[in-house]
Amino acid sequence: MKPVIALTKGRLEKQFLKFFAELGFEVDPLLEKGRKLQIETSEFSFFFAKGVDVTTYVENGIADIGIVGGDILIEHQPDVYNLFPLPFGHCRMALATKANYQWPEQKKRIASTFTNITKNYFKDKGESVDIIKLEGSVELAPILGLADAIVDIVETGTTLKENGLVIEDEFISFSARLIANRSSLKIKRDQLVPVIERFKEGAKKA
Amino acid sequence: MFLPAGSQDETGIQISNRLRAAESFRLVTKKRNFKTISTPVVEYANTFTNQMAGMDLHSMLKWFNAEGEIEVLRPDWTAAIARAIAGQHPSEQKWSYQGSVFRFDKDETENRQAGIEIVHADQFLGEAESLLTAIAYLKNLTIDTYVIELGHTGIFDAIVGPYHFDEKQELVLLDAMHDKRSDLVEEIVTQAGHPALAEPLVALIDAYGSREIINTYRERWKKHQDLLDILSHIEKLMDLLESAGVTEVIVDLGRVKNLPYYDGIMFRGFLTNDGSTCFSGGRYDRLYEQFQQKTSAVGLAFDVDTLAKHMNAEQEPEKICILATPATHAVAEQFRIDMEEQVVDIQYQLKSDANYQKIYQVVEEDSQYKVVEK
């Protein structure tokens, strides 16, 4: 049976395919996939899912290895081997608010998709905050008065700037990472280790 | 009415397999001179969260009792057994148990386990008996496609021991090794001022596989007698397992303890078809130090839910029905008692969706009742 690779759909998928092609792997079926969610190449079975779902599929052994953003791994702490960073998908986690914002005297309200990262960030600072979980367009929260600030991933900072927000603090840098199912790595090591080694070499060269 | 997440009702093959697995475990361990032990489902949290056991209270099902102490549903057998048998006479060495553990951090809140603990015995004897019992049990369940992995807590301890890390750094380093996260391992040891440690630890992350790994590391560690002793120990257990017919034994020299009480050899069984972990265990002498005992303790626990999912379905016996009446029910019952090999149902009226291989009825002939095939 071919190794099964779970890929995060969207931006990371495109960056991964470029990296994968540079390593000499076959990518044509992946580039021509259209709306299909599962693709076979001569060497691998691929499927495409949201980042957090990639970790779930890998944790449960449906996929042997996966490509996922470091933010997802820090937030959700899946029980997988979190092997090494890949040379794409670079982002930072940042605390941002409106320009010249007067912080309130009382406990702050922070909106984020990453509630665990937010909780740990303020815990490390020794500060109690109320966290509001949002699923997307987090930048709206301070603008519309739902929260004092947001914790979110920042790649270029353009979205923040265009919405009148400024970065107060940047506290984690991360990139895409290679993860592996804990059993697959051992049981299918003869198939997986050569692939993982090529990824590792590719990541070092980049 | 609904069930909470992580709980489920069971019927059919899963429960029948689980009961067969339980009976098989009882017979296998009885034959190997294990004494059965059971501990209560409700315990004080401290049994599991004390410094030696070191388990995380967050993942336990817990509440305050009337005296304000935290009680939990048993989250782990090993710590509970240690509490229970610490006061037993040391001549009792081999213990077996079966029952549920309850945790929030698993897919299912309740997980059925069957396990063994061997205390106060010669170290190698205890480890060998643990592993051979595991093999015998899997054979009894006709599960034959599995891989056994061996690791040892002493490897990480010996390599890192000479270097100073504060408590937080050491915990992060252990987590990074547990996740085989090479970049973080390198970062921590470098930040702690021990860059020389990066290469051996990062290499150790990849030190898993078959017997060749032992040979490679025997050469690499030729000046470290403590590490060579550990390799010899692991190899002796590999030899034993292979002699016992285990087709695939692997090592992971970079495996670190995920519970603080592990203290030496660690073992784990993977089912080959889907990679699920069917048993895990190891040495945990340190757990008995809380009872002022310096002794040998080793054991392993099977995940009975996993085994039940992978067991072949039981051969169903012939299923027959006897049609009777209130007046002839006793006659039908006597006939049922005589049918030792079959599943025998008694009905007063045959249901349209009934699924029987044979149907009998009680008839009266010459003022005598008898059972005849319909």
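Including glycine, each Cβ sits where the backbone N, Cα and C put it.
A TrEMBL annotation is a machine prediction, not a hand-curated record.
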In TrEMBL, the L-histidine site includes B:Asp76, B:Trp77, B:Thr78, B:Gln113, B:Glu117, B:Tyr261, B:Tyr262. Which of B:Arg103, B:Arg268 does it also list there? B:Arg103
The answer, for which of the binding-site residues B:Trp77, B:Tyr261, B:Tyr262 has its Cβ ringed by the most other Cβ atoms inside 10 Å, is B:Tyr261
How many other Cβ atoms are found within 10 Å of the Cβ atom of B:Thr78 (L-histidine binding site), counting all protein chains shown? 26
For B:Gln113 (L-histidine binding site), which of the three DSSP-derived states applies: helix, strand, or coil? strand
